[in-house]
Amino acid sequence: MPEVKVPELAESITEGTIAEWLKNVGDSVEKGEAILELETDKVNVEVVSEEEGVLQEQLASEGDTVEVGQVIATVGEGSGNASSSKEESSDQSQSANNDEATKELAQPTESQSNNEETQSNPNNQRVNATPSARRHARENGVDLSTVSGKGNDVVRKDDVENSQKAAQSQSSQETSKKEEPKKSSGAPNKPVIREKMSRRKKTAAKKLLEVSNNTAMLTTFNEVDMTNVMELRKRKKEQFIKDHDGTKLGFMSFFTKAAVAALKKYPEVNAEIDGDDMITKQYYDIGVAVSTDDGLLVPFVRDCDKKNFAELERAIADLAVKARDKKLGLDDMVNGSFTITNGGVFGSMMSTPIINGNQAAILGMHSIITRPIAIDKDTIENRPMMYIALSYDHRIIDGKEAVGFLKTIKELIESPEDLLLES
């Protein structure tokens, strides 16, 4: 019987968590059709069936951790149910759903049984429920043993939702009986909230700690007078939009261009250590940190040295949209050479960014703040200033090169016409 395995995703990804089954047991499956969503350390990916037929078994449950190459489902011959997803299945036909759920529960796998036991009643009697019902109950803290199922006594998602609404209504009428907040063991009289970290959050925490422990990280600072680049941007803004189909000229393209020039001048900043070797990259794939609901993601703009300002702005904007819409692919997230992060969008005046992955350095941008600057010994003017930071691995980059790199960034941003001429 054809098997569905966790596919090879990227060199650094060895496992993932099943976020959601998109197909129920008994559903028809087309070749190349997604049957589940897998959460990895970097992005969520859909796992597809390589065969046409009927989903016979789910060999892991939502929330289970599965490894690359592990068999997670089987597909057999037949036409199956007409519905193509869990939500469509629940919406189209009450009787079809009940038959579908009965099929699934008639052949439970070991991992499914374990999952169901966690949602059983005090007498350890298994609750018959569809995957979407189990998931909704788990995410919202609903005890399935308290939910009554319609038709065939199978609990469906709408049964859980109705039970949840009824419980909330009852709770609002009995405010005097509110449950006390969960207490921590260290401070028994203080309220806390305890929740499980997402896979991506756990991975980020692990990797950040690894970087701190395994690199000789230092940070050097400089300041940039943003007067000229702001005036140039203001002067070119409208014409740039007309010439490039609505693409706006932002600061990030200037800093990306400056970073490419500085990386060419100081190639060790574009390097990494591999065992006893140092690998100096001859390409310029620069990561741009994007804040999302799932935390900070760093997709990479490829071949920045070959892109003009408009192409850079479009690429950066497209990656930001994909990141916030959770549509980034693994190809967007791996094999970068350098990273830029902008804490200034959140109001940060100065920070020490942490190096990303196996890279040698990261550039930090910050808020633009108008403050008095001594132009010469007799003149003080208010200028829009930005602090910039370069965190770097001292095992690869000497202090002289780090300072020189950041000074090059400063000089190019303060003379932005040079960047335009280069591109």
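Cβ coordinates come from backbone N, Cα and C, glycine included.
What Swiss-Prot lists as domain 'Lipoyl-binding' is 1-76, and the listing cites sequence analysis.
Here Swiss-Prot flags LYS42 as N6-lipoyllysine, drawing on sequence analysis. Secondary structure from DSSP puts LYS42 (N6-lipoyllysine) in coil.
Summarising the annotation, Swiss-Prot assigns region 'Disordered' to 74-204.
Here Swiss-Prot flags 108-131 as compositional bias 'Polar residues'.
Marked as domain 'Peripheral subunit-binding (PSBD)' by Swiss-Prot on the basis of sequence analysis: 128-164.
The compositional bias 'Basic and acidic residues' annotation in Swiss-Prot covers 153-162.
What Swiss-Prot lists as compositional bias 'Low complexity' is 163-174.
Mapped onto three states, the DSSP output places HIS394 (active site) in coil. Among the features that Swiss-Prot reports, active site is placed at HIS394 (among others), with the record citing similarity to another entry.
Within 10 Å of the C-beta of ASP398 (active site) there are 13 other C-beta atoms, taking all protein chains into account. Residues or ranges marked as active site by Swiss-Prot: ASP398 (among others).
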Notebook entry, point to check: Between HIS394 (active site) and LYS42 (N6-lipoyllysine), how far is it from one CA atom to the other, in Å?
Noted result: 27
Note to self: Across the domain 'Peripheral subunit-binding (PSBD)' (128-164), what are the DSSP residue counts per state (helix, strand, coil)?
What the structure shows: 21 helix, 2 strand, 14 coil
Check: Pick from LYS42, HIS394: which of these recorded positions has the biggest number of other Cβ atoms within 10 Å of its Cβ?
Finding: LYS42
